[in-house]
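Novice: What follows is a single structure, and I will ask about it in a moment.
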């Protein structure tokens, strides 16, 4: 908007400033010789108003009017006195005539003080006075009279104008818009046209992603343009005057605007950022300043409704989420995104089946192996070193069906004639700024990659223009290939949910009908498609400036790069080292948003023409047109909800009720099954199957049972979509998106069950029904009873599979870095075969015993183990003596020799200070023979003293565990 130039007379009707009277100075009368100002002239501080001389010298002027000095020069007898202004203002009245003698203190001129209607950084544009440095005689700063309180220029909040001049400029803007038959569109950036993240982008070479820094030392930001963004802006700019309004910083807003509009043809200076916001929590505070005459011609598109306080002229946009785990980076303070940064699930469209299984890249994009990306941004790595320049992709291929043709007629918000006449949205909106590895920006090599290349400022415009025609033939092939890769319907047929477009919280896009996209529909075209892949990607370097690649645009990009802290080849050369992968971002919401805005524009000027013809008395207002068009979407629908919110919560406060009412639907609370009842429902929106309402509604043929995605799809398209595309399935609650607008979950999430708990919490073991066999001399546990697998020692349920503690054929993973012995079907001879369990300090650190208690218990265990070691030594020496004196009793000798093995093992473990309970393993033959021997000689080796010792040892070990 134009700003009044300095020196302009204040607008008529402005408040009258204080009028000051300038009086004749000095004690003696003065004669006025001449005026240096005229009535209506603007004066500044120090300007000469008049020239005087003393009145006494005027009486004797006839005799001695002048005298000759010694040098021969003539000078006046009395010096002239100049009257200077002490304040700035406008001369309203001259109270004396030249030649008149003015008495001391008489009024000479009446001066109206400057109202400072235009102020720039504290300086008045009318009088030039510095309003920040006015000092009064007592040293306190004066408060000057200034009427400049309105900031009308987006990016210059320091430029203030008076409210009267603001209204005058506002009326001029409205007249200009009416002459051009345009409206005003306030455009949000984050998650509306772009998606930005600070997270490391592993696929740095993904097409359509810009990598930049806002300053030295700042984190690298990665911005993805929404598909069809450039095409959307270029078409809407013909109907609307675009204004950018974002909660991002000023540098961020201008950098993103440079990506979207490098030639400054779409937004110009109309960029409003967080630094210019009056209210950091709301965007409505600046509307009064930007549009002093009201926002009756202003339409708003934003993904957030709260920041606009649910304004009636707001069109809610489906959130655009490309980077997983990142929401709105510039969300207002106190919002959910700024506090929790919750991960947003983003459903992406599925690809056409390929011979090899699809691969999921870290960005969450399903990609077909072996297919190079060709979405109109840049060439594959093998072609980027060539000399071909960027080529536009704005010309649609003749005969190629429009993307909107794949949707059912009931979903299209416009007529078939409008769809046929509308140009096809191109993929040129998804663009990326990168530099070929073999090129340096400072060398001026031919064919620098992109129209908007952050690292290039020496693009050759001549070669760029020369190669446009040569690559235009391959544009249609690349577009046709992407058209064939549209998502296919699910096997359920008409019951498939929408997956073809990116899903916004709670408002999914409906998929194509089953009959229109069969899995093998384009099978014959697969080989030509892959064969012409290289040719289809040769045009990949799509420009951001309407397909115009010239030097001026490259210079603009270079300036934006320097402003944002990205130097030539600093961060983008290395991004091309990785192999390009296909981008399958199938978000097409901007296509439907464009149709909605066209409908609003058409309806406004249809009413405006009627207003000019005196057919209607009231001028059209966007704030009434948007709700009126929106309320016609579901005007003949009666909705009843089931399972979307708690029963004790008022339904009027839910988002489903708010948006359904805005779409014109009638909300019912009681299900009426009679088809002839006047208050019967036509649609039942349920969150889960199996409820009483759902079972009753499914028996009625006139009632549509759909899931909540049907409502959000109607909202994002402003059209009643097909109910068959959104059936209610049993697993809908499980597959429900986390970013759904539904504010209340239907059920508490069940914690996931781990297949193997890394640190199971095992309380003190309880005596089980199994039989334990102990050694008669050492008191060690030899084995448990052969009544089946050993039961877990814990009686409390542990959140893991039962098989995680049992012996299974695959090797068990190591716990705490120790080797686990091989389990042998329940044969675990003693502590040497027992798995190490986590200690109390590892599982329950707050209940750990103190150091003194542990030392005391260790001492007791060492004493017990020492006694057992002495007994085992004596038992070991006994068979050695028996070998010297042969005896006929062989079973006894065999038994004693067998018992020597665990004793020596225990002695070596105690002497070497190894881990307690970590013993040498026995072979299967020893275990089998020992089991059979102990079963036959069990009664012979039992003693009361050994039993007491074994019980004491087991109790101590259980306490330690």
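Just so you know, glycine gets a Cβ as well, placed from its N, Cα and C.
Feature table excerpt (Swiss-Prot):
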MOD_RES   1  N-acetylmethionine
DOMAIN    178-344  domain 'FCP1 homology'
REGION    328-589  region 'Disordered'
COMPBIAS  394-406  compositional bias 'Basic and acidic residues'
MOD_RES   395  phosphoserine
COMPBIAS  450-462  compositional bias 'Acidic residues'
COMPBIAS  463-475  compositional bias 'Low complexity'
COMPBIAS  575-588  compositional bias 'Acidic residues'
DOMAIN    629-728  domain 'BRCT'
MOD_RES   674  phosphoserine
REGION    730-752  region 'Disordered'
MOD_RES   740  phosphoserine
MOD_RES   780  N6-acetyllysine
REGION    780-949  region 'Disordered'
COMPBIAS  793-803  compositional bias 'Polar residues'
MOD_RES   839  phosphoserine
COMPBIAS  850-859  compositional bias 'Basic and acidic residues'
COMPBIAS  860-873  compositional bias 'Acidic residues'
MOD_RES   869  phosphoserine
MOD_RES   872  phosphoserine
COMPBIAS  937-947  compositional bias 'Acidic residues'
Novice: Could you tell me what the rest of the chain brings near the compositional bias 'Basic and acidic residues' (850-859), counting residues at least six beyond its ends with Cβ under 8 Å?
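Specialist: Those are 956, 959-960, in sequence order.
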Novice: Look at each of the modified residues, 674, 780, and point out the one with the fewest other Cβ atoms around it within 10 Å.
Specialist: 674
Novice: Based on DSSP, tally up the residues of the compositional bias 'Basic and acidic residues' (850-859) by helix, strand and coil.
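Specialist: Reading the DSSP string over the compositional bias 'Basic and acidic residues' (850-859) gives 9 helix, 0 strand, 1 coil.
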Novice: Rounded to a whole number, how many Å is the Cα of the residue listed as 'N6-acetyllysine' away from the Cα of residue 674 (phosphoserine)?
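Specialist: Here the two Cα atoms lie 79 Å apart.
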Novice: Going by DSSP, how much of the domain 'BRCT' (629-728) is helix, how much is strand and how much is coil, in residues?
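Specialist: DSSP classes over the domain 'BRCT' (629-728) add up to 32 helix, 16 strand, 52 coil.
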Novice: If you average pLDDT over the domain 'BRCT' (629-728), what do you get?
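Specialist: Within the domain 'BRCT' (629-728), the model's average pLDDT equals 88.
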Novice: Using DSSP, would you call residue 780 (N6-acetyllysine) helix, strand or coil?
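Specialist: Going by the DSSP assignment, residue 780 (N6-acetyllysine) belongs to neither helix nor strand, so it counts as coil.
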